[in-house]
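Reviewing the structure listed below.
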Amino acid sequence: MNRTQLKRSRILRMALTDTDAMDQDTKGEPFILRAIKIALVVALYWFVSITMVFINNYLLDSKELDAPLFVTFFQCVISVCLCWLMNIFSKLWPGYVDFPSIKLDLKVSREILPLSVVFIAMITFNNLCLKNVGVAFYTVGRSLSTVFNVLLSYVILKQTTSLYALLCCGVILGGFWLGVDQEGEAGSLSWSGVIFGVIASACVSLNAIYTKKVMPVVDGSIWKLSYYNNLNACVLFIPLLVLFGELGHVAGFSRLGDLHFWGMMVIGGMFGFAIGYVTGLQIKYTSPLTHNVSGTAKACAQTVLAVAYYATSKSLLWWTSNLMVLGGSFAYTWVKGLEMKKTQVPEDSSSTEEKQSREDSGV
């Protein structure tokens, strides 16, 4: 029973919060140099993440082309092409480009297929939420990922959550409902966007859990996983494009020959590919906990930028809802970080005892 509980705890920790420490190479560097590197990496993460959201909003908000699935499909195609390009560069300049060797393996593709279905749902509903609620309300509309982490960890992994973490989730839920209420008061509420945001939040949590389950299939390489995920998505999107009639919308699009439009589509796909790299880079140079805090602060900056850029006026309660969501998310990250530190030593001890027991029994 204890061994089963330990295994579940490890799976949850892998799925919802990674535990890798800062790279050992940076420990011998001067503090100033290390601080500059961290600042540049965090700034790069903020730039890529915020720019990607605004570009996607621009593409999805087009009045002439109502084809969110096609936009998402095209970004997956760009990601697959970039994976192949990076694979070629790594072979031409192995000392400068570090990228795993990739090839088409149908067996691996089939094993990753369940994750790809969740991945498609996640990016599709994510874009549909952004299309309907806009950038300013996007943070609140997609704020329930943490709540679903707690819920799914209990339903799937039978892992309980502490009272303090549940209280943080309560604050997030309160901020979410207050935000919905204030959007309604302002007359800008999109219920479809809210529903898409809730589904997207659930898919984000499911994606995190299933990602860790299939990582051994791709030898633990996040880039190989990204390649197969996007490759499967390209195939799975085709019947969806036909089913929802988006191919007809694209064929009748007046700007089909506009280089500016296709340039923005390509740039959006490149930023979608780059976000995976800069996320890993930020975790490498800081920590998973700092990455989550940085993501929360980035969401706050993104909301302020959106309100200023689109010159919209928001009420005090609307801003309060955002602060509740961001504050609850930050508090949850902090509480889970403390809990991980407390449980890491006992679990490491349990792992040592389990290994010793196996050695004693000759296993």
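A Cβ is built for glycine as well, from the same backbone N, Cα and C atoms used for every other residue.
Here is what TrEMBL says about this protein:
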| type | residues | note |
| --- | --- | --- |
| COMPBIAS | 352-363 | compositional bias 'Basic and acidic residues' |
| DOMAIN | 37-332 | domain 'Sugar phosphate transporter' |
| REGION | 342-363 | region 'Disordered' |
| TRANSMEM | 31-55 | transmembrane segment |
| TRANSMEM | 67-90 | transmembrane segment |
| TRANSMEM | 111-129 | transmembrane segment |
| TRANSMEM | 135-156 | transmembrane segment |
| TRANSMEM | 163-179 | transmembrane segment |
| TRANSMEM | 191-210 | transmembrane segment |
| TRANSMEM | 231-253 | transmembrane segment |
| TRANSMEM | 259-281 | transmembrane segment |
| TRANSMEM | 317-335 | transmembrane segment |
Original post:
So what's near the transmembrane segment (31-55) in sequence-distant terms, Cβ-Cβ under 8 Å and 6+ beyond its ends?
Top reply: 130, 135, 138, 264, 267-268, 271-272, 274-275, 278-279, 281-282, 285-286, 294-295, 298, 301-302, 305-306, 309
Subject >> Paired segments the transmembrane segment (111-129) and the transmembrane segment (163-179) in contact, 3+ CB pairs under 8 A >> reply: no
**OP:** Give me the stretch from 135-156, 191-210, 231-253, 317-335 with the greatest number of Cβ pairs under 8 Å to the transmembrane segment (163-179).
**Re:** 317-335
Subject >> Stretch among 191-210, 231-253, 317-335 sharing the most Cβ pairs under 8 Å with the transmembrane segment (135-156) >> reply: 191-210
**OP:** Quick one: average pLDDT across the domain 'Sugar phosphate transporter' (37-332), no decimals.
**Re:** 90
